[in-house]
Amino acid sequence: MRLNGEISSGEEEPEDEKQAATTTTSSPHKVVVGYALTSKKKKSFMQPTFTALARNKGIYFVAVDVNKPLPEQGPFDIILHKLSGEEWSEIIEDYRQKHPEVTVLDPPDAIQHLHNRQSMLQDVADLNLSDCHGKVGIPRQLVITKDKDPSTIPYEVTKAGMKLPLVAKPLVVDGSAKSHELFLAYDEFSLSELEPPLVLQEFVNHGGLLFKIYIVGEAIKVVRRFSLPNISKRELSKVAGVFRFPRVSCAAASADDADLDPNIAEHPPWPLLERLARELRHRLGLRLFNIDMIREYGTKDVFYVIDINYFPGKVWENARI
């Protein structure tokens, strides 16, 4: 079987994985989780401290061998996966239909919904959370399709009435470093330097701080990350061009321990987060994802969701699926 991404297959399973596969299902207090991950994801997610903590709670992780038929492996209580490719999607969907007793995290068609930055945020735009101690929306955005000539982007931006500056992101999210590239455009004419397909979002000043909201089932965890700084009208009038920024909001940009203005650093209201998480779990059909959210600078309760990611890299304790 050939799947997109570098796969960890054909490896010798640790003894505790082998034991889990043959003994744990006999006890109602033990859970077997089959995992099918790329090598990169396995390295970041399957940390010894995490798997040890899981074993102490009766949860055993067993690697899925992608070179063998999935129904011949297990039995599993849960299958955790993050592999791309049409073949794998068909395999895991077929397994999910034939084994409804196994929890598959998550359905491939629901994951696919997040691979397009236009469709991923539509469910947020359709929400009405005005009665939950705050307002949640998405920035105004414009999709530039692959068939568009880059030289026409300035015209499209002007026609749509988009306000500068603009954040430019690749339309398709495929897990590659390129799909997480971020550009900031100070003038519309420089946008012709970028390569479609793209999503252009109006930049919202947010005090240089972003909230990453991790959702695992009904569990919610919020952390703060440094983000792009505010842009003043004066700066906007003096600067031109398109500038590439490194990936923001990564773990290395943690702002949890920083001395920040309380008006900027205060977490979004908990009732708002609970309602948002509950609505998106239902609308997206996912149980393992994270939301990137910002608070509009100068406000207390106006928030924007700017990205949604499936199976984020952050792992924290006490999250229950």
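Cβ from N, Cα, C; glycine included.
Per TrEMBL, the feature 1D-myo-inositol 1,3,4-trisphosphate binding site maps to LYS41, LYS82, HIS180, LYS212, ASN309, GLY313. What TrEMBL records for ARG117, LYS169, 201-212, SER227 is ATP binding site. Residues or ranges marked as Mg(2+) 1 binding site by TrEMBL: ASP292, ASP307. Annotated Mg(2+) 2 binding site per TrEMBL: ASP307, ASN309, in sequence order. Annotation comment: TrEMBL describes 32-111 as domain 'Inositol-tetrakisphosphate 1-kinase N-terminal'. The domain 'Inositol 1,3,4-trisphosphate 5/6-kinase ATP-grasp' annotation in TrEMBL covers 133-313. What TrEMBL records for 1-27 is region 'Disordered'.
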Going by C-alpha positions, which of the binding-site residues (LYS82, ARG117, HIS180, LEU209, SER227) is nearest ASP307 (Mg(2+) 1 binding site)?
ARG117
Between the Cα atoms of PHE211 (ATP binding site) and ASP292 (Mg(2+) 1 binding site), find the distance and write it as a whole number of Å.
6
Between ASN309 (1D-myo-inositol 1,3,4-trisphosphate binding site) and ASN205 (ATP binding site): CA-CA distance (Å):
22
Secondary structure tally of the domain 'Inositol-tetrakisphosphate 1-kinase N-terminal' (32-111) (DSSP, helix then strand then coil):
36 helix, 21 strand, 23 coil
How far is it from ASN309 (1D-myo-inositol 1,3,4-trisphosphate binding site) to ARG117 (ATP binding site), counting Cα to Cα, in Å?
10
Cβ-Cβ distance under 8 Å to GLY207 (ATP binding site), same chain, at least six residues away:
ASN230, ASP261, ASN263, ILE264, ARG295, TYR297
Reported as an integer number of Å, what is the Cα distance between SER227 (ATP binding site) and LYS41 (1D-myo-inositol 1,3,4-trisphosphate binding site)?
24
Nearest of the binding-site residues (ARG117, GLN201, ASP292) to LYS212 (1D-myo-inositol 1,3,4-trisphosphate binding site), judged by Cα-Cα distance:
ASP292
Close in space, distant in sequence - GLN201 (ATP binding site), Cβ under 8 Å, 6 or more apart:
PRO139, ARG140, GLN141, LEU166, VAL167, LYS169, ILE306
Tell me which of the binding-site residues PHE203, PHE211 sits in the most Cβ-dense spot, judged by other Cβ atoms within 10 Å.
PHE211
Rounded to the nearest Å, what's the C-alpha distance separating LYS41 (1D-myo-inositol 1,3,4-trisphosphate binding site) and PHE203 (ATP binding site)? Just drop the number here, would you?
31
Inter-residue Cα distance where the pair is PHE203 (ATP binding site) and LYS82 (1D-myo-inositol 1,3,4-trisphosphate binding site), in Å:
31
